[in-house]
């Protein structure tokens, strides 16, 4: 059972910087993740919040809620949220960080991730396909 978390501003997909993030919406992404989950024979729950504390609680509670893996796009929290980093580090579940855009090809401040080091891996710049790759990886390691 996978938990897919999307952080701040990802509710604005399709509206915010379509040249960077594309024209598809968060709802489109969630539908795709659910379809990919069905192909992988894994149930998927998608959640989004603009609030750091809510994301922290979802990460902290994931295992006791029965989730076996976590895909997270922390949004801008990637670059400065040590609280989110610590929540991920304290989680026993495998976690993969995903970014729709290539953060290393963007502004300098986006090049640093404080969360990636405590994740199993980081996928960046592959659009929505990055979520699928993260899900495939988790399906493989959770077999």
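Our numbering is plain: 1 for the first residue shown, then up by one each step along the chain.
Including glycine, each Cβ sits where the backbone N, Cα and C put it.
According to Swiss-Prot, the site 'Transition state stabilizer' annotation covers 16, on the basis of sequence analysis. Per Swiss-Prot, the feature active site, proton acceptor maps to 21. Positions annotated as substrate binding site by Swiss-Prot: 73, 79, 86, 100, 101, 110. Annotation comment: Swiss-Prot describes 99 as active site, proton donor, evidence class sequence analysis.
Residue 16 (site 'Transition state stabilizer') is 12 Å away from residue 101 (substrate binding site) when you measure Cα to Cα.
Around residue 79 (substrate binding site), a 10 Å sphere centred on its CB holds 16 further CB atoms from the protein chains shown. Listed in sequence order, the recorded positions from 16, 79, 86 having a Cα within 10 Å of the Cα of residue 99 (active site, proton donor) amount to none. Note: the Cα of residue 79 (substrate binding site) and the Cα of residue 16 (site 'Transition state stabilizer') are spaced 19 Å from each other.
For the pair residue 86 (substrate binding site) and residue 16 (site 'Transition state stabilizer'), the Cα-Cα distance reads 29 Å. Residue 100 (substrate binding site) sits 13 Å from residue 16 (site 'Transition state stabilizer'), taking the C-alpha atoms as the reference points.
Here the recorded positions are 16, 99; the one with the fewest Cβ atoms within 10 Å of its Cβ is 16. Highest local Cβ density among the binding-site residues 73, 101 belongs to 73, counted as other Cβ atoms within 10 Å over all protein chains shown. Within 10 Å of the C-beta of residue 100 (substrate binding site) there are 24 other C-beta atoms, taking all protein chains into account.
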